[in-house]
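Taken from TrEMBL, the feature active site, 4-aspartylphosphate intermediate covers C:Asp316. Residues or ranges marked as ATP binding site by TrEMBL: C:Asp353, C:Glu357, C:Phe387, C:Ser388, C:Ala389, C:Gln390, C:Thr391, C:Arg392, C:Met393, C:Ser394, C:Lys405. Feature annotation from TrEMBL assigns Mg(2+) binding site to C:Asp525, C:Asp529. Feature annotation from TrEMBL assigns transmembrane segment to C:52-70, C:76-98, C:228-249, C:261-285, C:591-609, C:621-641, C:661-679.
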Amino acid sequence: MSPTWAGLAQVGLLLLALAVVYKPLGDYMARVFTSARHLRLEKAVYRVGRVDPDSEQHWKTYAASVLAFSFVSVVLLYLIQRLQHLLPFDFGRTASPGVAFNTAISFVTNTNWQSYVPETTMGHAVQMLGLTVQNFVSAAVGLAVAMALVRGFVRAKTDRLGNFWVDLTRGTVRVLLPLAFVFAIVLIALGVVQSLKSGVDVTNPDGSVSRIALAPAASQEAIKELGTNGGGIFNANSAHPFENPSSWTNLIEIFLLTVIPVCLTRTFGVLVGNKRQGTVLLTVMGVLWGGMLTVIWWAESHPNGPLALLAGGAMEGKEVRFGIAGSALFANATTSTSTGAVNSMHDSFSGLGGGGTLLNMMFGELSPGGVGSGLYSMLVVAIIAMFLAGLMVGRTPEYLGKKLGKREVTCAAVAILAMPTVLLLGTGAALLMPDTAGALNNPGAHGFSEVLYAYTSASNNNGSAFAGITVTNDWFQSTLGLCMAFGRFVPITAVLCLAGSLAVQRKVPETAGTLPTTGPLFATMLVGTVVLVAALTFIPALALGPIAEALA
Amino acid sequence: MVRQAWAGLRILIVLTTLTGVLYPLGVWAVSRVPGLHSTAEGSIISQNGRNVGSGLIGVDPVAQDPEHDPWFHTRPSALAQDPLGPADPSSSGGSNKGAANDDYVKVVRERKDAIARREGVDPARVPADAVTASASGLDPQISPAYAHLQAPRVARENGLTPAQVDRLISENTSQGIGDPGVNVLKLNLAVQAMKRG
Amino acid sequence: MTTTVTRTPEEETRRHVEHAGRVGAGVFSPGQLVSSLPGALRKLGPRHQARNPVMFVVWVGSLLATVLAIGDPGVFSIGTALWLWFTVLFASLAEAVAEGRGKAQAETLRRTKKDTVARRLRADGSQERVPGADLRIGDLVVVEAGDVIPGDGDVVEGIATVDESAITGESAPVIRESGGDRSAVTGGTTVLSDRIVVKISARPGESFVDRMIALVEGAQRQKTPNEIALTILLSTLTIIFLLAVVALQPMAAFAGSRQSVIVLTALLVCLIPTTIGALLSAIGIAGMDRLVQRNVLATSGRAVEAAGDVSTLLLDKTGTITFGNRRATELIPVGQSTVQDLARAARLSSLADGTPEGRSIVELCATEHGLPASPSEHERGGEFVEFSAQTRMSGVDLDGTSVRKGAASAVTAWAGQDVLPEVDEIVERISSEGGTPLVVAEGTVIRGVVRLSDVVKPGMRERFGELRAMGIRTVMITGDNPLTAKAIAGQAGVDDFLAEAKPEDKMALIKKEQEGGRLVAMTGDGTNDAPALAQADVGVAMNTGTMAAKEAGNMVDLDSNPTKLIEIVEIGKQLLITRGALTTFSIANDLAKYFAILPAMFAGIHPQLGRLDIMALHSPSSAILSAVIFNALIIVALIPLALRGVRYRPADARSLLRRNLLIYGLGGIVTPFVGIWLIDLLVRLIPGM
């Protein structure tokens, strides 16, 4: 099997697996978030939390709950890291205040950017009690917000969007937890470690002695991919053989990190009562995903740049068991979702390949995007696209029977504006800092790309990196932390406000004058909007980094 | 907001118990069953009661006499001190060098020449994975091309025939659904075993 | 409650032709650019510019570039600063041109506002002379033949013919009388005959004419909901590009090629959506203007936009779908009489009858039965017996023969006959089908029955088909019984009908449609239409209607032509499409500008970026200046389109979008590549470029 055929087989199997679960998982999630029944376990959660699961919230209360929960999460996670020495399994590891602050925001915002080396910074207790928990609940928050937005479209003449605590709990208990548990076991069977030891000593065949690091990796790995989180329990992340031991686990992990965002389009279609509305979003995501995969894969398998030309192939920063195709597939999947796990070092990608991963994030991570965040990001872009399209057919724009007026456009604009704002300002400001040049691992345009990638990743809550950059100084720790927080919570608040203003509207009936949002025309328009907005916003920055590299 | 924060804290604590304690420990408990236990603890290979490494972790063996190097070598590791040298598997990571990094191109050239010299071949024959650092720095595998490049030397230094070594290479080659790779630790152990007879 | 327009088909056709002509005459001529220049220059102040966020950024950029050009004069810096100012100027020019067209209209109207002297009735019945401006609501004024009506009001006494040409442009006088639906008079119109007493209903300065003037001048123009939403989107884009350019400087500096502020300003202005930003208010004004050209006055831009959104049209049957009057459609002979006998008698009885019904009988006899259409010399000698409420019949006495037509009982009695069961049956049948039976008798012989029925105007079916394609449902409103209504609805091809409609029913229907999320448009003229007009999203009052109706609706059709509702909907759509299309065009333009400017900025530090210069522009300075010039000139080039509106053909949403995306999206990407390349060919000739 040639590498190309092996790659195509991987893509084919991935798509097949996604196709198989699309309907059942999508329908299941639709039931989870509409069911009137509470599980016994959930009732216990509500009792302890002293919340009434049958009361529904106004969008402001919903947003306040999201923000309050996330704030509490940041505080608790910070404390867990700082008080690590009081916990078991700490192995003498400590996190500095800068690391703890950055990491707390990073994991609560579903970014999972890591400015630390896990093997020496985070003990197993922090990993389990702090980071794994946020892997679950930050994904569940994204899911909850997406469901609130969908309710905005589905409901009419109400100011209630559901109950955040219920959505959070159900997402965790009914969706993430069972899937993560099953796949954690599957991963262990395929070689992923799940150990409470810090490491194991071995005497190598040549007589030398090594200590191989161990960790409870499988339980973290499963939810890290499933929740599009991406924070590795080992420094090399999903490139580490203990996190991702074979081409099969590689494929499973790619499947896990795409499955929920993909199936949510089905959930969406079911909930709005027209499954084709979901299919068309999936098509748009698929076109962007496939297009970018082609770019990245092609770029990596056609040696470009002095290093790859000299070596005879772009294997720098890649693992043999994944090869070029398995690495490109993972890189594309991780940056087009908000995962940020890596099985190869994006910093060593070619200009075009690395630029592709950057552009994936700059699209706003919606192909298919993070758990929940992919769907709501795509819907926000759809609103902008439908606004223009609606004007072009001569009507007050509407989408899914809801008019897009001043308030809806404002909310969508704020949601879209947040990411480029912090991304561009963060990058620009960082470049003005005298220490920045010294933090880079590469000279020239690629060094610039490292800074750009860092802020792109943080602002989009991705978490992957051109990891050569050293981001441990206070400037990076704090500004990247702020980028993550703004990049997450400004859009979430805007999306909930949008949901609120959609829900109070009555539904506009569909007529021949209504622009259908299920056909190829709408899909084309949506793809065009995503690409054009990202291109126009980021072309100048890209020109100085990846474009300059790729054309060199 | 304050009310929400208290509710949030209470719920976070319950969910922490659920997803931060019961879940990972539950997975750990399941992993104790035979069949999962050994992989859960790192796929450690033992010989004569001694741990000789993990089947999943590549640590480059160092020859005592560089002139008579009996080992198959792993890929370069960014964790190593030298361009070609053993990694410390208590950590992990790649070089993160860009595709146009001139300094690093020099390192790659150095590796290429060193390997060509070691194997006594033209530098052009050295495959890409032999001169580039892996993503984890612990890549357990090398490409079949790199294995075959090293095979004549390994056969010679271990007193085996090239055919025997070739057979060991193919026995230790696995493909899965990706590119084929040869597990260096297992291959070296197999060579040693065959050498011992 | 129904409208009272009475027009023949020929009149109808003539009016349509006129409209087409008038719209055609509204197109833009280059001379308007020059004449609007002073107005445009007045708009260059910061206060005016600040109302438009996009252009305000350009304004600040121009100022900055000017300061920099003064500090460091050079061909490039001065040229760039100059063209940035041109960009601001052209935007103001677009607005000024649009407003200028309204001003002309306003001038005509203002001429009607001559200072009038009113004869106010005192409580004791005596009259006093007061200036028109002193009139208050509720004052009673006397207006006689030759007087100008001093203010808006309702006729409370008398009947008069009034010349309203000053407002409507229509030379034929109209009748205004107390009570009923023709009681409203407008200040500034002239009474031609008789004497009326008018109760003033508007304060001075707030009269109908005053409001019309303010509207067409655009003085009261407020941003419409869609315009506000679009402005928010455009501001968002502006902020994004502002950020991109601001962040670019440290990036450039880091790469080792710090950019001059003037270049960054030029880049910013080229990227932000100046094209649509500059034309946005002109498009809005022009949309109102297009309505005015069709003699429709909208009280707000919001109403025009709502017209584009309408999904249900309520159309009165009479006058809108059918001709205002019933027409003879069938001759049914009875007894021994042949059709020919009946035709002869019917024709004779109607020869001198000037009513539309009478004329339609003569026409029917001429076309179907080969009788002469005009009376012979001999026939002119007959004595015409007019219709009266007492006799309920009309006819002719000629050469001793008397012919009468009219209500069955009256004519039968006149002929001295008992009611024939045959006639009774026919009359019954015609009535039940919604027609009007006229019995014709010649002497003592009952010849037969003439059926008068509604006739659907030609072309209505096609019109409703188009509306259906646009997603608009048509509902016919009629006072007829359901059976008749159904028959006519079927003929006309409307989607639904409301029979035996009372004003409350109409109101209930509007509410029901709105409840389902539909926007409703309707026309009306009577006082009892007022609540429904107010409730409808688009309520078009006929100018012939009462003041109450005009106050309640949000548009007034000066021609009082209910069919115009369809055109109003199209204008509303065209307005939105123009905005959407030009926004798309504006954004799509940016791609080419990047290809021009980025290589110019960075080819020095990264020579490989020179490969992006696919237009092969002369030099970095000429590339940037060419992009700036293109950006300014495209505004002027698009002014005619903004004023005229993009071409609108009724079609379903999908094909409309496909067409507009192709023209304005794809066209927007390609055009600037060609434009910038061409401009560069000229710019490179400037020494120092």
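Quick reminder: no glycine exception, Cβ is built from N, Cα and C everywhere.
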Taking just the CA atoms, what is the gap between C:Asp529 (Mg(2+) binding site) and C:Thr391 (ATP binding site) in Å? 33
Given the recorded positions C:Asp316, C:Phe387, which one's Cβ is surrounded by the fewest other Cβ atoms within 10 Å? C:Phe387
Of the stretches C:76-98, C:228-249, C:261-285, C:591-609, which racks up the most C-beta pairs under 8 Å with the transmembrane segment (C:52-70)? C:261-285
With the greatest number of Cβ pairs under 8 Å to the transmembrane segment (C:661-679), the stretch among C:228-249, C:261-285, C:591-609, C:621-641 is C:621-641
Whole-number Å distance separating the Cα atoms of C:Lys405 (ATP binding site) and the residue listed as 'active site, 4-aspartylphosphate intermediate' is 29
Write down the Cα-Cα distance for C:Asp316 (active site, 4-aspartylphosphate intermediate) and C:Asp353 (ATP binding site), rounded and given in Å. 27
Long-range neighbours of the transmembrane segment (C:228-249), counting only residues six or more past its ends (CB under 8 A): 52-54, 57, 258-259, 264, 267-268, 271-273, 276-277, 280, 579, 583, 587
Rounded to a whole number of Å, the separation of the Cα atoms of C:Thr391 (ATP binding site) and C:Asp316 (active site, 4-aspartylphosphate intermediate) comes to 31
Among the binding-site residues listed here (C:Asp353, C:Asp525, C:Asp529), identify the one with the smallest other-Cβ count within 10 Å. C:Asp353
Across C:Ala389, C:Met393, listed as binding-site residues, the smallest other-CB tally within 10 A is for C:Ala389
Out of C:Thr391, C:Lys405, which of these binding-site residues shows the lowest number of other CB atoms within 10 Å of its CB? C:Thr391
Express the distance between the Cα positions of C:Asp316 (active site, 4-aspartylphosphate intermediate) and C:Ala389 (ATP binding site) as a whole number of Å. 27
Please give the maximum pairwise Cα distance, in Å and rounded to a whole number, for the ATP-binding set C:Asp353, C:Glu357, C:Phe387, C:Ser388, C:Ala389, C:Gln390, C:Thr391, C:Arg392, C:Met393, C:Ser394, C:Lys405. 19
DSSP, reduced to three states, assigns C:Met393 (ATP binding site) to strand
